[in-house]
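Trainee: One structure, as structure tokens, below. Some questions next.
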């Protein structure tokens, strides 16, 4: 047991598989430049050497790279203050996008009054927004890896903000529902690209803190939505459309923040811009300069391969991504099921008003904040061993909060259901359980998102794209049957069913903690730098043991 409190990970007890090269071993890429030199020396008394003359073939590409490890243009070398501003942008956009998913949920009554629709149709305002989350990742994940994080994110956020105008002035419910779908497709962009942005700018030490904050914001937004939406819906002076004006104002402020403070952070795009600039400055001398990004297949098939096919190839071939997505999908569905279950538990059973019901979502927000502090504690523990792992600690060390959250979610679901079923039990007893439900959901999500980012690094956006599409699809289905399930089974048994499903899935983070490293070593998409470092550490320890044995033999 090391002094930092973390045991040696089970996946490294026998070291990584044989044949993996050490991290510092040189790798000859196909695009590396081959140089041939011609030396001309005069045979005189002093034998003064002539300078070497290098002839560069005109058809040989020269790959552009950073100007040393401290190049200020490299996003990894941004100042800490600038990195935290960029992280704040990601958090603000994430809160805004998830806030919009749940804000109209308590304003459904006003929509029913305005357009004369049924309760089931009013629920489509949330369902179709989440269905948009399924479409958007097709473009934003791999698109940010092709055209850059900044342009893709700003395009999505500006479009998302403008669409609120159409929703606010709509004269029929069909217009509202169609625009809600497209709003979700654009709003999902921060959820997809933020993980990649954080991987672009932070090393392993800072990434743990940053992704903890980002993951907490994923659930802070949905908890703020019903809170604010409840007050807007309860105010008779405000029309039904005012919830959309509130969302537009919030979205516009966050988009302006991103326009001012978010630079491009994707390294391959920045190197491409550098290559273009150098070729423009010296068209003849630098005509062979290229970036690795420019050498990618730019044909229609190549673009489809990176934007549409790659996220699904990763999903089909990566066991880690498959199981994590299944678990996160169920957890995500439970979150949005709560928006429909709370009226049954607190309005129908205890006679709460819409405003009082919205206040209950503060519990989920408090739980998300508490999870953030827990994540920061574990990130600090992981940072202690980062120097030993040369900046790339095992990704499985990010799973501690997921393991805690998986157990907590089962317990809190039982708690909410069996105390919420009886009106004789004070409201604050099931109300307190919402803190632990929020804490559990947030803990699972932040931990698993960080695990995905640390596992796939530069391909994290593609991994998160397929993950988001599937969990959003599942999450959009849950509100459609939640009310009926709670009415037919009762609050206690409906919550018991949810708790039992969570119980069946709860071993997933524990299994990955133990076997994740062995699974990752067969991945075609995960770089697995920690496995190579593990081999170096094992070889160093073996050399130390042999050195001590030789010393004792000599003595």
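Placement of Cβ uses the backbone N, Cα and C atoms for every residue, glycine included.
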Trainee: According to TrEMBL, which listed range is transmembrane segment: 493-513, 514-534, 535-555?
Mentor: 493-513
Trainee: May I ask you to check whether the transmembrane segment (493-513) and the transmembrane segment (84-101) make contact, with contact taken as at least three Cβ pairs under 8 Å and only pairs 6 or more apart in sequence counted?
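Mentor: The transmembrane segment (84-101) and the transmembrane segment (493-513): touching, no.
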Trainee: Quick check: do the transmembrane segment (121-140) and the transmembrane segment (244-271) share at least 3 Cβ pairs under 8 Å, counting only pairs 6+ apart in sequence?
Mentor: no
Trainee: State the non-local partners of the transmembrane segment (425-449) in its own chain: residues 6+ outside its ends, Cβ under 8 Å from one of its Cβ atoms.
Mentor: 195, 211-212, 214-216, 218-219, 223, 324, 327-328, 331-332, 334-335, 338, 345-346, 350, 352, 360-361, 363-368, 370-372, 374-375, 398-402, 404-406, 408-409, 411-413, 415-416, 419, 464, 509
Trainee: Considering every residue in the domain 'Major facilitator superfamily (MFS) profile' (85-518), what is the mean pLDDT value?
Mentor: 88
Trainee: Flag the pair the transmembrane segment (84-101) / the transmembrane segment (176-199) as in contact if three or more Cβ pairs fall under 8 Å (sequence separation 6 or more).
Mentor: yes
